[in-house]
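Take a look at the structure set out below.
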Amino acid sequence: MSTLLNSVLSMASPESSPRKAVGFVSHIPSGFLHFSSVSKGVARVLASTQITLSPKDSAFTITGSSWKPDLDSGSFSDDPRSDEPNLSDSFSHLESLVTGGHKPNVAHSTQLLYDLCKANRLKKAIRVIELMVSSGIIPDASAYTYLVNQLCKRGNVGYAMQLVEKMEDHGYPSNTVTYNALVRGLCMLGSLNQSLQFVERLMQKGLAPNAFTYSFLLEAAYKERGTDEAVKLLDEIIVKGGEPNLVSYNVLLTGFCKEGRTDDAMALFRELPAKGFKANVVSYNILLRCLCCDGRWEEANSLLAEMDGGDRAPSVVTYNILINSLAFHGRTEQALQVLKEMSKGNHQFRVTATSYNPVIARLCKEGKVDLVVKCLDEMIYRRCKPNEGTYNAIGSLCEHNSKVQEAFYIIQSLSNKQKCCTHDFYKSVITSLCRKGNTFAAFQLLYEMTRCGFDPDAHTYSALIRGLCLEGMFTGAMEVLSIMEESENCKPTVDNFNAMILGLCKIRRTDLAMEVFEMMVEKKRMPNETTYAILVEGIAHEDELELAKEVLDELRLRKVIGQNAVDRIVMQFNLD
């Protein structure tokens, strides 16, 4: 373990600037990859598919249009969809009923649709709607809209539009709420022009956009073209008879603040009454965050004085803005005073770790260990449970070379005070640090933990590998795998290799991921469905969509990847 820690600490030290991948990664010229090397790797992948997967093997889910894998779980094999067999049985039963000419139960079918959406099995959810319609059942409007919304949230706007068109062809008109989901989906994809054209078509159909429609368009406008263009768009909407609400103006306030145009935001804020709107707590919070960030404390105080009740009474968000800003500017005493005021007076908000973490982070950055301990003791006394942000704040003590042991003692003390299982608590801390890209602190604390008897398991090593990959230190991640291989107690598992493969696929180095895959097979680690799903998604992520489809079809025929995973990948990358 000490060999591992020493070898990786030297690479992960924040003093070695700039951070970049070295070793086998750095020897490959930029842009070297591509179709040929991936194609060669594909042959090796297909050659490995000699064993049929058991139904228990889980598929790794990559959701969102920007291809963001879910790294929140501790292990790639953890599958939140523990009831998938029941869903499959229920779906098969529904299909049998309808094909047999029977009408299914509306409530049961609707619940199945919701459950499939929650399990990210959207293609089957669409099929449920189709089966209901073909059997003469009118789908519940809220369930139908929910499915459209889920498709759009995951970037599958094309599928959502096709579904809406099919439903309309069958005589099921959509309402503004459903269309708003489509507008929002298009806006999320950065397609403002397409969104505007879509809204025009809706108006020609006789559907009137509402204030939420305008808010989605305005947000897309300031993100794509700047806030001035968003203001022009709002003016056009009003000229055409549109009636925006306060949410629309709050969007513009946010746009000005994100562009650092605090004075313009304040000017618009003061114009709200003349436009027929009374600012609410959201409006005030937007301005307050901007003023505090700029250190304009007198103006912030004046704004706070106006928040005297009703819709503009301070919220827990208001207090957290103040605490975060004060701590950021080094005013920790004032931040702590605001913390105390949160639970006094008429409001008495419940304090959480989110409120304490900025103060702890600042104190750790300044190396004030005694005050950190005092603050954490106060948290525990107030039954405020530390979270991932707390651990990362404490991890920043490791930036002071002389404070590493103090950081460990604080972590150790937190474990004892919360009466946690030490092994599980340490594992959680390391995972939290790695997830946020604080791998250097993770290794330093891990070294102290092992000196006190902590024995890292495969889960912990996967967290380290993912953390190193997240920070671009692939040689370090490979070193972890190599040292695990030499260890007698903790050989690398399939999950460890999957973590490495995923890290390479995320930076469009699927060729190198194929090499790690080959190493995995050579070392007798049998790939699972997760492994193959990551590789196919990696190929698709490099825009080699035809190759990805061919590989996916072949893997499905060889029964090493299940239909649920196939449906998910096909929808994600439009491989139909």
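Placed from the backbone N, Cα and C atoms, the Cβ positions cover glycine too.
Feature annotations, courtesy of Swiss-Prot:
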type	residues	note
REPEAT	105-139	repeat 'PPR 1'
REPEAT	175-209	repeat 'PPR 3'
REPEAT	210-244	repeat 'PPR 4'
REPEAT	245-279	repeat 'PPR 5'
REPEAT	280-314	repeat 'PPR 6'
REPEAT	315-349	repeat 'PPR 7'
REPEAT	352-386	repeat 'PPR 8'
REPEAT	387-417	repeat 'PPR 9'
REPEAT	422-456	repeat 'PPR 10'
REPEAT	457-487	repeat 'PPR 11'
REPEAT	493-527	repeat 'PPR 12'
REPEAT	528-562	repeat 'PPR 13'
TRANSIT	1-37	transit peptide
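The residues of the repeat 'PPR 4' (210-244), classed with DSSP into helix (H, G, I), strand (E, B) and coil, number 28 helix, 0 strand, 7 coil. For the repeat 'PPR 7' (315-349), the list of distant contacts is 281, 284-285, 288-289, 292-293, 295, 300, 304, 307, 355-356, 358-359, 361-363, 366, 371, 375, 382: same-chain residues at least six beyond its ends, Cβ to Cβ under 8 Å. Using DSSP to sort the residues of the repeat 'PPR 9' (387-417) gives these counts of helix, strand and coil: 29 helix, 0 strand, 2 coil.
Residues 65, 141, 144-145, 148-149, 151-153, 155, 157, 160-161, 164, 216-217, 219-221, 223-225, 242 of the same chain lie 6+ residues outside the repeat 'PPR 3' (175-209) yet bring a C-beta within less than 8 angstroms of a C-beta in it.
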